[in-house]
Amino acid sequence: MVGLKPPEVPPTTAVKLLGAGTAACFADLLTFPLDTAKVRLQIQGENQAARSAQYRGVLGTILTMVRNEGPRSPYNGLVAGLQRQMSFASIRIGLYDSVKQLYTPKGSDHSSITTRILAGCTTGAMAVTCAQPTDVVKVRFQASIHAGPRSNRKYSGTMDAYRTIAREEGVRGLWKGILPNITRNAIVNCAEMVTYDVIKEKVLDYHLLTDNLPCHFVSAFGAGFCATVVASPVDVVKTRYMNSPPGQYQNPLDCMLKMVTQEGPTAFYKGFTPSFLRLGSWNVVMFVSYEQLKRALMKVQMLRESPF
């Protein structure tokens with residue numbers, strides 16, 4: 001490592017974990033209203049309260065929420081969302097390279113597509129297992145409809161939501177929907193990480209761009225699009241099942257079958273536009289920030305370790 005420039009120094013696992021969590025939080029701050037709009041569109045038609053809102057399109061959903069529930073409503077669940085990213089993104093993104101190296105055969109300096117997919121599935125599943133309670137609380141806040149600042153709220157705050165869910169639904173309620181969420185995030189993580197990894201690798205191999213902002217932007221945009229196309233059906237089932245009151249669905253499969261019979265197969269792509277807008281922009285902000293944060297953190301680490 002001596003003599004290498006900061007961008008060339010391989011980042012440590014700690015740097016990757018911190019950088020991934022911080023970059024994901026920054027991306028969430030910028031794109032959270034799109035995620036909330038996606039949740040509202042995904043559950044629309046599921047019950048009378050959601051049906052009466054008549055959400056139409058991304059911008060229409062956000063404007064309806066602001067008009068009926070106040071300007072802060074698109075950011076309902078942000079605290080839980082940031083808690084989720086610090087635990088969730090740190091693992092699924094920060095540990096991806098380490099797990100990929102673990103699965104790569106000894107003596108090989110190149111990871112196959114299969115190895116990358118396995119790494120993406122592994123870190124995605126690990127992240128969901130740790131961060132599921134934060135995701136449940138985030139979805140509950142995003143899906144809750146308030147007529148105004150004085151309307152009855154089921155949860156007084158984020159910590160109250162954790163306590164209330166655990167008290168009323170048991171500790172298992174905090175891990176509600178974990179199986180569809182593991183499926184969804186294994187798929188999303190593969191689509192995001194593998195697509196980003198491959199596009200970036202090919203762009204650099206063919207000298208189309210240097211390892212800098214334009215390369216990171218192109219790779220991240222492609223990753224966001226692929227992730228949205230592949231993961232939307234599972235994402236809708238996950239959102240509905242996690243937000244449902246006890247007894248509405250027996251299990252995720254029952255939720256899926258009821259969606260097909262009551263709303264048709266197009267229900268699985270409800271909220272696709274905000275999903276793409278959100279995942280596309282989220283990936284661009286996150287990956288670009290992540291790459292820059294890794295370099296900045298390595299510079300700081302090298303300065304601290306330097307004897308001069």
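Using N, Cα and C of the backbone, Cβ positions are placed for all residues, glycine too.
Each residue in the region 'Purine nucleotide binding' (275-297) gets a DSSP state, and the totals come to 23 helix, 0 strand, 0 coil. Residues or ranges marked as region 'Purine nucleotide binding' by Swiss-Prot on the basis of similarity to another entry: 275-297.
Annotated repeat 'Solcar 1' per Swiss-Prot: 11-102, in sequence order.
Predicted-model confidence for the repeat 'Solcar 2' (111-202) is 89, expressed as mean pLDDT. The feature repeat 'Solcar 2' is assigned by Swiss-Prot to 111-202.
According to Swiss-Prot, the feature repeat 'Solcar 3' maps to 211-296.
Per Swiss-Prot, the feature topological domain 'Mitochondrial intermembrane' maps to 1-10 (among others).
Residue counts for the topological domain 'Mitochondrial matrix' (33-73) under DSSP, split into helix (H, G, I), strand (E, B) and coil, are 30 helix, 0 strand, 11 coil. Swiss-Prot lists 33-73 (among others) with the feature topological domain 'Mitochondrial matrix', giving similarity to another entry as the kind of evidence.
Panel annotation: around the topological domain 'Mitochondrial intermembrane' (97-116), residues 13, 16, 122-123, 190, 193-194, 197-198 of the same chain, lying at least six beyond its termini, place a Cβ under 8 Å from a Cβ of the stretch. Marked as topological domain 'Mitochondrial intermembrane' by Swiss-Prot: 97-116 (among others).
Annotation source Swiss-Prot lists topological domain 'Mitochondrial matrix' at 134-179 (among others).
Taking Cβ pairs closer than 8 Å, the topological domain 'Mitochondrial intermembrane' (197-213) reaches residues 7, 113, 116, 219, 222-223, 288 in its own chain, all 6 or more past its ends. For 197-213 (among others), the entry in Swiss-Prot reads topological domain 'Mitochondrial intermembrane', with the evidence type similarity to another entry.
Swiss-Prot lists 234-267 (among others) with the feature topological domain 'Mitochondrial matrix'.
Outside the topological domain 'Mitochondrial intermembrane' (291-308), and at least 6 residues removed from its termini, the chain residues within Cβ reach (under 8 Å) are 6-7, 9, 11-12, 15-16, 18-19, 22-23, 216. Taken from Swiss-Prot, the feature topological domain 'Mitochondrial intermembrane' covers 291-308 (among others), and the record attributes it to similarity to another entry.
Listed as Cβ neighbours of the transmembrane segment (11-32) (distance under 8 Å, sequence separation of 6 or more from its ends, same chain) are residues 74-75, 78, 81-82, 85-95, 97-98, 278, 281-283, 285-287, 289-290, 293-294, 297-298, 301. What Swiss-Prot records for 11-32 (among others) is transmembrane segment, and it gives sequence analysis as the kind of evidence.
Feature annotation from Swiss-Prot assigns transmembrane segment to 74-96 (among others).
Residues 84, 87-93, 95-96, 99-100, 102-103, 111, 162, 174-175, 177-178, 181-182, 185-194 of the same chain lie 6 or more positions beyond the ends of the transmembrane segment (117-133) yet place their CB under 8 Å from a CB of it. Among the features that Swiss-Prot reports, transmembrane segment is placed at 117-133 (among others).
Away from its own ends, the transmembrane segment (180-196) comes close to residues 92-93, 96, 113, 116-117, 119-121, 123-125, 127-129, 132, 135, 219-220, 222-224, 226-227, 229-231, 234-235, 237-238, 241-242, 252, 283, 287 of its chain (Cβ-Cβ under 8 Å, at least six residues beyond either end). For 180-196 (among others), the entry in Swiss-Prot reads transmembrane segment.
For 214-233 (among others), the entry in Swiss-Prot reads transmembrane segment. Tertiary neighbourhood of the transmembrane segment (214-233): same-chain residues 184, 187-188, 190-193, 195-196, 199-200, 203-204, 208, 268-269, 271-272, 275-276, 279-284, 286-288, 291, selected by CB-CB distance under 8 Å and a gap of 6+ residues from either end.
Here the topological domain 'Mitochondrial matrix' (234-267) has, by DSSP, the following mix of helix, strand and coil residues: 25 helix, 0 strand, 9 coil. Counting only same-chain residues 6+ beyond the ends of the topological domain 'Mitochondrial matrix' (33-73), those with a CB under 8 A from a CB of the stretch are 81, 139, 142-143, 145-149, 235-236, 239-240, 243-244, 262-263, 267, 270-271, 273-275, 277-278, 281-282.
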